[in-house]
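Peer 1: I'd like to ask some things about the structure below.
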Amino acid sequence: MASHIVGYPRMGPKRELKFALESFWDKKSSAEDLQKVAADLRSSIWKQMSDADAGIKYIPSNTFSYYDQVLDTTSMLGAVPPRYNWTGGEIGFDTYFSMARGNASVPAMEMTKWFDTNYHFIVPELGPDVNFSYASHKAVDEYKEAKALGVDTVPVLVGPVSYLLLSKPAKGVEKTFSLLSLLPKILPIYKEVISELKAAGASWIQLDEPTLVLDLDSHKLQAFTAAYADLESTLSGLNVLVETYFADLTSEAYNTLIGLKGVTAYGLDLVRGTQTIDFVKSNFPKGKYLFAGVVDGRNIWANDLASSLSTLKELEAVVGKDNIVVSTSCSLLHTAVDLVNETKLDDEIKSWLAFAAQKVVEVNALAKALAGQQDEAFFSANAAAQASRKSSPRVTNAAVQKAAAALKGSDHRRETNVSARLDAQQKKLNLPILPTTTIGSFPQTLELRRVRREFKANKISEDDYVKAIKEEIKKVVDLQEELDIDVLVHGEPERNDMVEYFGEQLSGFAFTVNGWVQSYGSRCVKPPIIYGDVSRPNPMTVFWSSTAQSMTARPMKGMLTGPVTILNWSFVRNDQPRFETCYQIALAIKDEVEDLEKAGINVIQIDEAALREGLPLRKSEHEFYLKWAVHSFRITNCGVQDTTQIHTHMCYSNFNDIIHSIIDMDADVITIENSRSDEKLLSVFREGVKYGAGIGPGVYDIHSPRIPSTEEIADRINKMLAVLETNILWVNPDCGLKTRKYVEVKPALSNMVAAAKLLRTQLASAK
């Protein structure tokens, strides 16, 4: 009975690691305290997987991380950018967390999405002069730690080729620099690590090479062949698993994978990689192992065990009884930790779900069944849950299905073009050039979180809650007026999360108490579960937005989360195509937009922070996704008047390849993350893309506690003015301010407004 888990969530069932990290960063606890929490979490995960119920044979180690597994690899290779003044030796918390988060004097390394998930990794900054050295022994230490607990694990490393393909040329290095040319420099360190693992007693090693699922040219595929040929002698005597996930492999990538020297086993995602099954059936190397990823690591639905078992049996006939291992489709990092902690979900919905701990049990149940020891009670309970989900009246709403079907005939564009709309809006709003605004949220203080928590637990009355939230909004409005910001926000004090807040008021959504998933570092999100058809029974934000507008004569933005982001940041039903669910959400948001307009809100922001991250990994699938995603956004605001200004906001991502789709969204103003990714965004406009709508590339990074000076912000705005017209440029931070403290926010916004005013004066005198 062979079973394997690709990786496991690190935060802990109750976010223990998050709280330990934040306590350490706030200097409230010691490094030893943090290490103790981490060691306890690792130990409990290993024990959970090795106990009789789970009985996992191939248990991973080194999938734990204090921040990010790619940053761990950067540390292992000693690839610390010079600005952190690291002087060599074993990398400690100071250097490690400075790279992740920045410090008082230098900014953090860039963070970007991990493939098409909502997890973020720290992007390595490399160049010809990086002096690689073996500087973090974490992989070996954690293997030994598990061994001391009596658990023999499979140490996991980010593979050398994927590491380089996920990196970027450091500042000052030619953009054309070939990152793969560094393979000969990093492979000696991989050899050291692998040799130490062998010496410590490891019999298996897992190298994650997820970039194999991307569109790779022959030069990149050749790098895999060369790297593993070089590693072959070091790997001899070990069983070597090369793990891929998140999509199908192309036939070229599959052939490259099965031709790698020194490799014993191949891990394939058979949930998102359904075509890969055909490659296995037509050509699988004799005597090698297939780690078959049939249990979905990216969703929370219970596995259809009967269906998975029949897939496994088909594959077993091809690869041989002793050569198939039941696995997860990818690391369970992307799913919630344990359904046991969900006390508020009703039994019916709960029976449809499986979190990480349950997926471990599913993997084991499938492995037993494949070995002829099927747990009949477990399989029949699973079949009953699958049937109940298909037939439940809670899942289908005929009116919603009909409204969504009726969308097919139109492309839902506003009738007037954007430049005419901007003129009409300017007459109404009368804004200065370089208008200032923020992205939406203001700091969520402990007091504010307490009020929300007590209201949810019925410890304070609704009247007291509304009074407290109104006071907070008044404080935020007064602060923005005092800072002289042009277009205000209400600060979102009533919201726990930009997706959950809306999901709680839409039908077809369910919520967890502890369904947290790591987004980056210590930041976790709690995705809602979309189990049925979506509609909006009542207005969701109108009361708070009109309350805030009544406190000021300045324009107040209505703040909504867009349909694509709600979709991409939720656990989505897997019984209908994603775009159908997205259109349903778009219709619900459209109702809200029109109600806000009727209530006198003239500026409405519909955030599509996650539009880019839903982009399929394969270029051949981009067009279809972008078409329905952009269409969903336009549906939300196609019915408003020309004088209503529609904003959208987008977060960390590489937009350059989808800029034409962003233009096609036809928003009046777009604010966009810019400061942390070296203004890559601006290069699009330098290359001659004409953008006629308003645009606000972020002028400072809100993910860092650093407070930028007026001069630094003015310098940033000037760079933008070099490629964008003065009359379309907005001045704003990168993202919402929810996670920052007021002591950081006030001076940063004050400097931002001062920079905008300085440039207005300069532009006026230049005329």
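Quick reminder: no glycine exception, Cβ is built from N, Cα and C everywhere.
Not my notes, these are from TrEMBL:
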DOMAIN    3-318  domain 'Cobalamin-independent methionine synthase MetE N-terminal'
BINDING   LYS18, ASN118, ARG523, CYS524, TRP569  5-methyltetrahydropteroyltri-L-glutamate binding site
DOMAIN    434-757  domain 'Cobalamin-independent methionine synthase MetE C-terminal/archaeal'
BINDING   ILE439, GLY440, SER441, GLU492, ASP607  L-methionine binding site
BINDING   ILE439, GLY440, SER441, ASP607  L-homocysteine binding site
BINDING   HIS649, CYS651, HIS660, ASP664, GLU673, CYS735  Zn(2+) binding site
ACT_SITE  HIS703  active site, proton donor
Peer 1: Taking only same-chain residues 6+ apart in sequence, whose CB is under 8 Å from that of GLU492 (L-methionine binding site), what do you get?
Peer 2: GLY440, SER441, PHE442, MET498, MET559, GLY736, LYS738
Peer 1: Should any of the binding-site residues ILE439, HIS649, GLU673 have a Cα within 10 Å of the Cα of CYS524 (5-methyltetrahydropteroyltri-L-glutamate binding site), which are they?
Peer 2: none
Peer 1: Measure the Cβ-based neighbour count of ILE439 (L-methionine binding site), defined as the other Cβ atoms within 10 Å of its Cβ.
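Peer 2: Looking across every protein chain shown, the total is 26.
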Peer 1: May I ask which of the recorded positions ARG523, TRP569, ASP607, HIS703 is closest to CYS735 (Zn(2+) binding site) if we compare their C-alpha atoms?
Peer 2: HIS703
Peer 1: Let me make sure I understand the span of the L-homocysteine site: among ILE439, GLY440, SER441, ASP607, what is the greatest distance between any two Cα atoms, in Å?
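Peer 2: Largest pairwise Cα separation, rounded: 12 Å.
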Peer 1: I'd like to know which of these recorded positions, LYS18, ARG523, HIS649, HIS660, HIS703, is least surrounded, judged by other CB atoms within 10 A.
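Peer 2: With the recorded positions LYS18, ARG523, HIS649, HIS660, HIS703, fewest surrounding Cβ atoms within 10 Å: HIS660.
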Peer 1: Could you state the whole-number distance in Å separating the C-alpha atoms of ASP607 (L-methionine binding site) and HIS649 (Zn(2+) binding site)?
Peer 2: 5
Peer 1: Drop a 10 Å sphere on every Cβ of the binding-site residues ASN118, GLY440, SER441, ASP607, ASP664 and tell me which sphere holds the fewest other Cβ atoms.
Peer 2: ASP664
Peer 1: Apart from ILE439, GLY440, SER441, GLU492, ASP607, which residues in this chain have a Cβ no more than 8 Å from the mean position of the Cβ atoms of those residues at the L-methionine site?
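Peer 2: My list of surrounding residues reads THR438, VAL489, MET498, MET559, GLN605, HIS649, GLY736, LYS738.
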Peer 1: Look at each of the binding-site residues, CYS524, CYS651, CYS735, and point out the one with the fewest other Cβ atoms around it within 10 Å.
Peer 2: CYS524
Peer 1: List only the single closest residue to ASP664 (Zn(2+) binding site), chosen from the recorded positions LYS18, ASN118, ILE439, ARG523, HIS703 by CA-CA distance.
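Peer 2: Its closest listed neighbour, by Cα, is ILE439.
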Peer 1: Between the Cα atoms of ILE439 (L-methionine binding site) and ASN118 (5-methyltetrahydropteroyltri-L-glutamate binding site), find the distance and write it as a whole number of Å.
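Peer 2: With the alpha carbons as reference points, the distance is 20 Å.
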Peer 1: Across all chains shown, how many C-beta atoms besides its own are within 10 angstroms of the C-beta of GLU673 (Zn(2+) binding site)?
Peer 2: 23
Peer 1: What is the nearest of the recorded positions LYS18, ASN118, ARG523, TRP569, HIS703 to GLU673 (Zn(2+) binding site), using the Cα of each?
Peer 2: HIS703
Peer 1: Taking the Cβ of TRP569 (5-methyltetrahydropteroyltri-L-glutamate binding site) as centre, how many other Cβ atoms lie within 10 Å?
Peer 2: 25
Peer 1: Which of these binding-site residues is closest to HIS703 (active site, proton donor) if you go by CA atoms: ASN118, ARG523, TRP569, HIS660?
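Peer 2: Checked the binding-site residues ASN118, ARG523, TRP569, HIS660; minimum Cα distance to HIS703 (active site, proton donor) goes to ARG523.
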Peer 1: Among LYS18, ASN118, ARG523, CYS524, TRP569, which the record lists as binding 5-methyltetrahydropteroyltri-L-glutamate, how far apart in Å are the two most distant Cα atoms?
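Peer 2: Max Cα-Cα spread across the 5-methyltetrahydropteroyltri-L-glutamate binders: 20 Å.
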Peer 1: Summarise the model's confidence over the domain 'Cobalamin-independent methionine synthase MetE C-terminal/archaeal' (434-757) as a mean pLDDT value.
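Peer 2: Its mean pLDDT is 93.
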